[in-house]
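Heads up: the structure comes next, in structure tokens.
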Amino acid sequence: MAKDAVRVLVTGAAGQIGYALVPMIARGVMLGPDQPVILHMLDIPPAAEALNGVKMELIDAAFPLLKGVVATTDVVEACTDVNIVVMVGGFPRKEGMERKDVMSKNVSIYKAQASALEQYAAKDCKVLVVANPANTNALVLKEFAPSIPEKNITCLTRLDHNRALGQISERLNVEVSNVKNVIIWGNHSSTQYPDVNHATVTISTGEKSVRELVADDQWLNGEFIITVQQRGAAIIKARKLSSALSAASAACDHIHDWVLGTPKGTWVSMGVYSDGSYGIPAGLIYSFPVTCANGQWSIVQDLKIDEFSRAKMDATANELIEEKSLAHSCLN
Ligand SMILES: NC(=O)c1ccc[n+]([C@@H]2O[C@H](COP(=O)([O-])OP(=O)(O)OC[C@H]3O[C@@H](n4cnc5c(N)ncnc54)[C@H](O)[C@@H]3O)[C@@H](O)[C@H]2O)c1
């Protein structure tokens, strides 16, 4: 029997990530090839015409899984009955703007959209925040949508995770699908810590540790980390636009694995509400290694953390503590 359609909301859908993301969702990349979807797309009034253009293209693409499209600038209409929410819309940092000004704009957007989700979305909706500052936007959303379970509010660090896999695959000249269990700890910002200490590569004789195969700790502890941390800036420099197709693809991976599960023996990175694991203060949205089953994520426990990692994990946590207090000062 055919499955019921799932309603997926994409905010900021007229933007560049939105334009790459909605066809992926409509093709089944996010929820599977047998899962019909109804797309809800929200943007702001100045983008209404462009949003309608995206709707026209979705219709023209005749996607068999796409059972309906709601394109709107009305947040209530956008949020009504949605099951999956991907929040891409936000206020970008413009030249000359202070960090606090950008935070303040986004805090008010996320507060308002949290209230609409709280009232109108499906009670068990799963939320992924993509827009920056992603971890702190997700935290604001969590605080203003108290009836959505805290485990259902996450942010995107899968792009950073995938970037780390890509760098290792390039360095070792192995297929990216044979590399697994890198970790992104912390904030989706340049303080994030890409960690390969538990990562492995499948080769003809079995699984081998990335550290052993790369055999160059100086590269792994230096250039590799910086490349992953700075990849977003490198893409902007090259494209004059920020990453879009890779961000959209990572958003699909994040929801796909959350809903359908991670393969046995494999973990992924997700920004989730900290429960104090690994000494990370509870009450932050922090990127951890997680496995997913039955629509629930769990933080991978008991990984050995060396001194180098500890310092980097704490530094990115400290940045999130600062962002949290900045966000709270914007709310007052
Ligand atoms: N977490 C990640 O890995 C990651 C990666 C890349 C980009 N990003 C972030 O994703 C966000 C979107 O990037 P983009 O390149 O698509 O930007 P974009 O400017 O092309 O699109 C953003 C869209 O959001 C809309 N918007 C603004 N305010 C809104 C509101 N209140 N409600 C609904 N829509 C609203 C805009 O009109 C625009 O169409 C940015 O914040 C960017 O920094 C995050």
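Every residue gets a Cβ built from N, Cα and C, even glycine.
Those TrEMBL annotations? Automatic predictions, nothing curated.
Bear in mind that the values here come from a model prediction, so they are computed numbers and not experimental data.
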### Site-mate of Gly12, Ala13, Ala14, Gly15, Gln16, Ile17, Gly18, Asp43, Val130, Ala131, Asn132 for NAD(+) in TrEMBL, selected among Asn106, Asn152
Asn106
### Query
Which of these, Arg93, Arg171, does TrEMBL list as part of the substrate site with Arg99, Asn132, Arg163?
Arg93
### Message
Out of Arg93, Arg99, Asn106, Arg163, which binding-site residues have CB atoms lying under 6 Å from ligand 1?
### Response
none
### Message
Please identify, among the recorded positions Arg99, Asn132, Arg163, His188, the one with the smallest Cα-Cα distance to Gln16 (NAD(+) binding site).
### Response
Asn132
### Query
Between Gln16, Asn106, Asn132, which of the binding-site residues has the fewest other CB atoms within 10 angstroms in the structure shown?
Gln16
### Message
For a three-state summary based on DSSP, what are the helix, strand and coil counts in the domain 'Lactate/malate dehydrogenase N-terminal' (6-153)?
### Response
68 helix, 28 strand, 52 coil
